[in-house]
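Q: This is the structure, below, for whatever I ask next.
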């Protein structure tokens, strides 16, 4: 099959290409290729892209989403780590001059340079991607580390991962990742996607996750490093009370290693010491981080 004849939205064509070129989807890379037109349209509806909006796509695969974005008029910079997929992706790029391909590992790229290339120096754009399940957490964390460069992030992810992102206090899915994302952005699940729209089929369903960055953040925090140290300590020992969990990590947080003083600090922040970390809201974590215990090590020592 000639690359020009390749259609990424045909399952039969996709299978034939893989068979002809003896390519086996990589489990290590989390390769589950999206081919369903209806799902692509759902993603585009959620993204609601502006005319000629610059878009960063991570994990282009065989280019089904790349092509759909280009057909919408987006200026697409598509990242793909698997060089075996060059021919079909290059065929799509030859049909759509607004598509730029980068064959590299996204996690190893200089993100400032990449975003200047994709969006224009200092400009913003959207991330729209069917992201590899294997790098979901570091990928989202990396995007949010540059949140001032993104208008939005529309990500097709494992449903379980999406539920962790939007989880509320007290739920089994609520954790440090929930707090991290909800501190930096608003997040919602815009729809669930069945596993049958991928080849090979993953073991679980997926979800369309919409993340809209908030600057500077959704909660005022005086020292972000201290705030996240407290969050990680609170969730690091989920079975323990907040008092015990924070005492165990006192030196990392800059707390006095004294049970009575840590208990008094929690009380000063109007948080009961016997509560567990997973019951605290984002607002309560922020209030705790902004309440200085006495004595308190310097925040610079964190």
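Residue 1 is the first one shown; counting continues down the chain.
Backbone N, Cα and C define each Cβ position, glycine as well.
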Q: Based on TrEMBL, name the residue from 59, 120, 170 that is recorded for the same S-adenosyl-L-methionine site as 32, 34, 80, 105, 130.
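A: As annotated by TrEMBL, 32, 34, 80, 105, 130 share the S-adenosyl-L-methionine site with 59, chosen from 59, 120, 170.
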Q: Counting only other Cβ atoms and using a 10 Å cut-off, which of the binding-site residues 80, 105 scores lowest?
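A: Least crowded of the binding-site residues 80, 105, by Cβ count within 10 Å, is 105.
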Q: Helix, strand or coil: which one is residue 80 (S-adenosyl-L-methionine binding site) in, per DSSP?
A: strand
Q: Could you check the binding-site residues 32, 130 and say which one's CB has the fewest neighbouring CB atoms inside 10 Å?
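A: Sparsest of the binding-site residues 32, 130 by Cβ contacts within 10 Å: 32.
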